[in-house]
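Have a look at the structure below before the remarks.
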Ligand SMILES: Nc1ncnc2c1ncn2[C@@H]1O[C@H](COP(=O)(O)OP(=O)(O)OP(=O)(O)O)[C@@H](O)[C@H]1O
């Protein structure tokens, strides 16, 4: 039983406090299918978010099977939420999306259990015939079914759906409403569906009508016309406008008990007729013996009711006589599931794959084109003062300066290109899938598993890109301090990648994250001091944040002494010892990871 008792949700606006929900109260028994309807902006989605605990009510309390939800929240697998937006990855198939939802949400005893759960969810939603199909080619109705299948893998006791029928053709809408109806008929599950549509209201057990954040009616679809004194459902919304929300709420409070009595009577009749299974009935003898009795056989609801109930759960429930709530899987199960899924998406996202290949292959070629300028002989200068030797020394000095500038430039070029790759690696990594991540976190995914999977995935990209850049350029250019140079290239890329991951995790949108990351890379070269020395006051303030400087400076510090001196002679900017450069770049990586964790943990449902 879900009970809302005087729920109020107030926000501060420029014009003062605004109540999005105002003293909302209702009861929903087990095995119930409820519609939430009302004009646009009346607070339907806000109510769903409040039930789901995504926003904290200002006043009032929700009770779930007698427990105060303010004290004891839902278990992640106890509640399923089908949002308005798609929570599936376009690059994956139906089957793969359902599988990853199952692996992230529930701990399975065996692979057979996992397969059963996936098959069951696909069968209930009628998706088994198109399980291999990619999500990007699914119709709107099929996408809604997929979203439902992804929720049903955890067999939630409470399923809330936000406008899952909007934008669908009448046939698809009819099918989805029937599907939700069937889902509500198994395991005493409550299904609450927000809808704009007034079609198919007879399929629901009760209708909650909202107006200006208040409850205007909650009762049987059979009595709704009588309550509003209208002859057709279409007349309800215009009728609501006659009075404000508070006035409707007051009227409803006066009539509520009689309409609830009628609703309860209908419920008893449905149970007697077998249309509704008795959710309070204990487990059957077969269930006690551990057999998976189809709910449909017991209640005459047909095969779909049976399918909506997982055999594993029934068996588990039979031992205790209580509802079994699946456990959330461990850190490593979630980590490997997320990592595997990320690589699968990487290899299927052709545009991203091509961009990565172009960058990895082309950028080292660009650098190699300049390496002959950096291979000039560094010549020592003589101590004698005769004119001929001085002339030779001037020429040698010019040559040394040319080589020194070229070496400095080539190293900075490598560093900047790797920074660009780093920014491309991570800028959209979290921000681009924020909504899906929030949804998965809500369903039990650990932020730490998610972050670890991103770090593992990005680390591989960083290593491949940096090592290949180093190896390719090294083939054409005999530089000194090779290994140290490699480490600094890896760090240049890693620092930019993880700082951009932090930006991506904290940004409000993927576009904002991309823009900030591009600016960050764009400012690296001018602010590094490699081209023009910065004014002293600016330099000390800005330098700690410019990863390109530390990678460049560290790499130069590791060059052979004669090359190092030649480079140093042409620079106005001071160089820093390699050890300090390592420390600062390590700090960039650490800050990026810390920012990512903060951003990933933070809840951003309002996005
Ligand atoms: N953060 C916010 N700041 C100000 N107003 C808000 C905020 N969030 C929601 N609202 C307002 O609260 C009201 C209820 O929003 P909600 O999304 O719950 O409505 P709804 O009934 O689901 O609408 P629709 O049917 O159009 O989706 C709307 O008027 C909306 O503009």
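Glycine residues also receive a Cβ, built from the backbone N, Cα and C atoms like all the rest.
Features as listed in TrEMBL:
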- 2-237: domain 'ABC transporter' (DOMAIN)
- 271-322: region 'Disordered' (REGION)
- 353-371: transmembrane segment (TRANSMEM)
- 406-427: transmembrane segment (TRANSMEM)
- 455-477: transmembrane segment (TRANSMEM)
- 483-503: transmembrane segment (TRANSMEM)
- 515-534: transmembrane segment (TRANSMEM)
- 577-600: transmembrane segment (TRANSMEM)
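Proximity of the transmembrane segment (483-503) to the transmembrane segment (577-600) is established through 3 or more Cβ-Cβ distances under 8 Å for residue pairs spaced 6 or more apart.
Among the stretches 353-371, 455-477, 577-600, the one making the largest number of Cβ pairs under 8 Å with the transmembrane segment (406-427) is 353-371.
Counting same-chain residues at least six beyond the ends of the transmembrane segment (577-600), those with a Cβ under 8 angstroms from any Cβ of the stretch are 430, 437, 447-448, 450-451, 454-455, 484, 487-488, 491-492, 494-495, 497-507, 544, 547, 550-551, 553-554, 557-558. Counting residues 6+ beyond its ends, the transmembrane segment (353-371) has Cβ neighbours under 8 Å at 346-347, 406, 409-410, 413-414, 417-418, 420-421, 424, 461, 464-465, 468-469, 472-473, 475-477 in the same chain. For the domain 'ABC transporter' (2-237), the model's average pLDDT works out to 91.
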